[in-house]
Structures are given as structure tokens and as C-alpha cells.
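Visitor: Handing you this structure, nothing more for now.
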Amino acid sequence: MIKVRVPATSANMGPGFDSMGMAVKVYNEFAFREINNGLNFNGVPEEFCNEDNIIYKAMKYCFDKADYKIKGLNISVLNQDIPISRGLGSSSSCIVGGLVGANEILGGKFSKDELLEMAVKIEGHPDNVAPALFGGMVVAIIENNKTVYNKIEIKDKVKFITIVPDFRLSTEKARTVLPKQISRADGIYNIGRAALMISCFVTDRYDLIRSACNDALHQNYRKELIPHFDDVYNKCYELGALGCYLSGAGPTIMAIIDNGANGFSNNIKQYLKDKDIKWGVLELQADNKGAFVIKGDS
């Protein structure tokens, strides 16, 4: 049996729409085994126990690339700790987990870069799948049908308070509210802030992250789909967050705080309780490792 662990990811990071993302330490864990025939699932809701399952589709994509005809397959979801449809890369974790598992069955035929190309073909953009695969903060673009990326290790000087609403928001729905065209001014606004965001993590200038987190392309439109967004977002800054942004397509809000700052999580939890906002709060560190096969299990 092959076991694979994949981290959650937070895409866009404010201004880096569809091009920036980072991995954090909450995980989905999968197990795969080739069997004599059939397709079996464990730990998967019944409606997803078929060939349309995103994990299976990713694995089949990898097998097809290798011209490998698998006899049968057992897919198990051992742990699903990444919240679903909350802007934390749950679907990307399934894609990456399936690809890494399939590649292990193939004996490691493909490199991680090749797996990334497959993941991007399946997902459509690299901002979640790249950090899920490589860990850290990844900046990625598509150039001539090839994914060009660079990984930045996130130091332990900051941590990430993940404020998770009690409702789902699909990426498809969140994209419907975005304008089809943007102004030059908004493009310039985001280019500068995306560059600043990257430089903040490279040079440890976390005091500049608040300005770097601002966005003109998606957040102001998507927040209308999220009750209490402005109140919680503003409260994060009031409580001392270094930066705050909508994670992925939402609805999760990500607050960046100093690693030595104590009390933020309890304070935001108390605020949510006082306002009767039934959202969860996770205090997470960055994951710089990315997806990996768990060794020593059978």
C-alpha cells in the first residue's frame, strides 16, 4: 500500500491572482493499492465512488501518460483535514495526491516537474497545485504551454491564522462575480503589490505585508459572497495582523501574524463567538515540504 500526504494551500495571497500560493500544515492523506480488477474506494462519499472521482481521474491521467494499463485500483482517503470548498486547495490536494500515488505505482517514472505539468493540465492553473506539490510559497506562470515556477521557503518568523467560514463557496461560483475586463490602473495596482509580497517573504520585511496584501482584481468582488467578511477582515488588523487576505476563491480569510504574537487566535475566536459567527479558526505554520510518500507503511 502506498500512502501519500498532501498539504493544504492558500492561493492568490492577495494580489497574486492565479499565480501565487503557499502550503500550510494541515493535510489530506491518501492510500493506494493496485488490485487484480475493479475500482474500490474507502472513506469516500458514495456519490464520488466512480470514475469521475477527481483522485482517480488524476491517477488515470498519469497512467495514460505512461501507457500503463492498471488492472484494478483501491483508493482510500485516510484523513481529510483540509476543509472542502473553503479556499484551501482541497481539490488540488486530491489531484496532487492522485498523481504522486500513481507515480509511485509506476516506480517514480515521472519527475516532480512532470507531475506539475499534469496537475496544471487537470486543474487549469498552478496557484494551488504547485505549492501542494513543492511546499513553501510558489510563484508560477504558464509560458508557451509550460509551467514556469519558483519556490520560496517560508521562514518560521510568521504563522498563518486560518479563519474558516461554516459554509462552502465553489471556485466556479466565485469566478462568476469577477469582471471580464480590468482597467490598466487595477493591473498596475496588483503588479506592484504582487512584487512587494514576494520581496517581503524573501527579505523578511513582514512589516510591509499589509500593503502587499491589497488587491484590485478579485477580493472586492468575491467578498460580497461572504457574510461578515469586512467585519472579520478589519478585526484581524485591529488585533494586530501583519496582513490579511481572502484565501483562494474564499470564503476562508487568512491572517498573517508574527510567530511570537500570542493571543491572536483566542482573541479572534472570542470575537467570532461574541458576534455569533460560527466560523472555525486554525493556527498554522507554513509547510515547506509539499506532498510526499509516507515511508515505512505497508
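Each position is counted from 1, following the chain as shown.
Placed from the backbone N, Cα and C atoms, the Cβ positions cover glycine too.
Just lifted these from Swiss-Prot, have a look:
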- P83, I84, S85, R86, G87, L88, G89, S90, S91, S92, S93: ATP binding site (BINDING)
Visitor: For a quick check of understanding: among the binding-site residues P83, G87, which residue's Cβ has the most other Cβ atoms within 10 Å?
Guide: G87
Visitor: Can you check which residue among the binding-site residues S85, S91, S93 has the largest number of Cβ atoms within 10 Å of its own?
Guide: S93
Visitor: Return the count of C-beta atoms lying within 10 angstroms of the C-beta of G89 (ATP binding site), excluding that atom itself.
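Guide: Result for G89 (ATP binding site): 31 other Cβ atoms within 10 Å.
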